[in-house]
């Protein structure tokens, strides 16, 4: 009975061992597949582990299938059932395997014959359990297998002895693989948990950082608001540039340190929203505040910190000068010609500058009044007494004003080319002393009077700079400008462009040289023929004569609080006869007048720039002057050295055919002039 139990145990072991081995392989394959599905989103490390386990299982499956060729589909079905129990009762399977090991050790002394019989019984038992077709097939080959088994009895006995050790090794490997797989799963799960915790911590840090930044921005805003008006725009510009960068750096601290956090959609969206909201709020506030401060473009106190010059530069053109919006198409840009835009270049290099738009043919007085309203803004008032004296209308065009807050203490730089130099001198005289005739007229007749004519507006001009200005008049106007035919020609041009369809404006509308809306052109021509303009001295042609300039010099004086400076050019050379002849590079239209001035009776007047004599451009005869040095002075004309080979328009770059005067030279000249104006503010500033 005891022997019978041992045989039964061996047979049971053989069947069970095979079933367990196959079940274990299936379990490992199924477990690996399940683990692979669960870890599909966790990276390539888990995939490579699953693939490695699958490859090992395939090798073990091929080895065991060779040893168990007689085990077929039904055993597989049974093994699947056992696999489910093994999946749920792993400790029991280990105990059972240990019992089988002990039982196998007790049967090591069995003979080869008994082992063969047991193998035959093993085959027969399995044959009885098979379907009918499989049993017939097994019986057919029973005798053949019996002979094979007898011939390999010794080898089979050794195989039986070694099977327990192989099973032990296989089970141990499978167990180690399972533990390793579970360990990796736990490790990956731990990493995921740590990653989520880190993300949560980062979000918490981001929220704290953003709150601190918002507090700092609010504090900075309050501090800037408390500062004086002169520092407002600059402070807000600095905050708007620095604060968004500060938010960008702190609002996303985990970008470089923890790249895996980018895969967390919730964390990424949260950080993105935090960053965008923080930056947008800072920029929006700073932009609105700066926009409010810069809304009034004529408020110098809100703009001056943006420029190198505290006092704006006003460029004033000469006779027959225009701005681009009202000039004839045949004329080039006044300030810079085809070489450059002087005003724009000054702006780009940090200087606040404007181009004045005043009458092209008007007198210095009328042009000075227009210049005042161009800067200050408002409707031009030529004065009741002045209009009645010369026979033109009292009111002219309306200007918007480029510097509405212009008043004593808020100064400007006046730069005049040609006749523009006379005009700015006239304006400064009106600001300081007004017009006594207008004051008396207003007392007698009542009505309104412009503040310009009341005087008492000192400390409104920082400097006066003239370029090729005929301070003492010019022979060109004496000999040609006031000839009847020349005057008629000039005014006919103005009359022609005065039609209602023309955009050209010569600044003679207050003289009636502008066609009315309901007036035909024939009616317009007949009306202007009776204008007093043709014989009036209230015109530019008269003021450019030596008599007209002398009259202006008598009415004007030097202001001790203003820096005066003149720039002069010449473009003629002396002949054997002692006269001056125009150079080859002189602007072609000026060769006639240049040669005419070069033949003047007064030798000191002969050297000229084509329109103005050098002696007339340097300074008014009746006013004090000195040679200019690196150190500026107030209350005296500072005469700069004469620029040789510079004709009348080279100062403003209008001669595009002149190869000697380059754009770089012109730009360098104006940059030096602007820098000198800034230096003069140290002498004239009222904020010392």
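Cβ atoms are placed via backbone N, Cα and C, with glycine included.
The signal peptide annotation in Swiss-Prot covers 1-35.
The annotation region 'Disordered' is assigned in Swiss-Prot to 31-309.
Annotation comment: Swiss-Prot describes 45-54 (among others) as compositional bias 'Polar residues'.
Annotation source Swiss-Prot lists compositional bias 'Low complexity' at 68-79.
Summarising the annotation, Swiss-Prot assigns compositional bias 'Basic and acidic residues' to 84-95 (among others).
The annotation compositional bias 'Basic and acidic residues' is assigned in Swiss-Prot to 103-143 (among others).
Here Swiss-Prot flags 144-172 (among others) as compositional bias 'Polar residues'.
For 173-183 (among others), the entry in Swiss-Prot reads compositional bias 'Basic and acidic residues'.
Taken from Swiss-Prot, the feature compositional bias 'Polar residues' applies to 184-211 (among others).
Residues annotated as compositional bias 'Basic and acidic residues' in Swiss-Prot: 240-267 (among others).
The compositional bias 'Polar residues' annotation in Swiss-Prot covers 274-289 (among others).
In sequence order, 317, 318, 319, 321, 467, 468, 469, 470, 611, 612, 648 constitute the residues six or more apart from residue 418 (active site, nucleophile) in its chain with CB-CB distances below 8 Å. Marked as active site, nucleophile by Swiss-Prot on the basis of similarity to another entry: 418.
For 609 (among others), the entry in Swiss-Prot reads active site, charge relay system. Just so you know, the Cβ of residue 609 (active site, charge relay system) picks up 31 other Cβ atoms within 10 Å once every protein chain is counted.
Swiss-Prot lists 647, 650, 655, 658 with the feature Ca(2+) binding site, giving similarity to another entry as the kind of evidence. Residue 650 (Ca(2+) binding site) falls within neither a helix nor a strand when secondary structure is assigned with DSSP, and so counts as coil.
The feature active site, charge relay system is assigned by Swiss-Prot to 648 (among others), with sequence analysis given as support.
Compute the center of the Cβ atoms of 647, 650, 655, 658, which mark the site for Ca(2+); besides them, the chain residues with Cβ within 8 Å of that center are 571, 585, 586, 587, 646, 648, 649, 654, 660, 661.
Summary for the binding-site residues 647, 658: the Cβ-based neighbour count within 10 Å is maximal at 647. Cα of residue 650 (Ca(2+) binding site) to Cα of residue 609 (active site, charge relay system): a span of 9 Å. Across the structure, residue 609 (active site, charge relay system) and residue 655 (Ca(2+) binding site) place their CA atoms 13 angstrom apart. Residue 658 (Ca(2+) binding site) falls outside any helix or strand according to DSSP and counts as coil.
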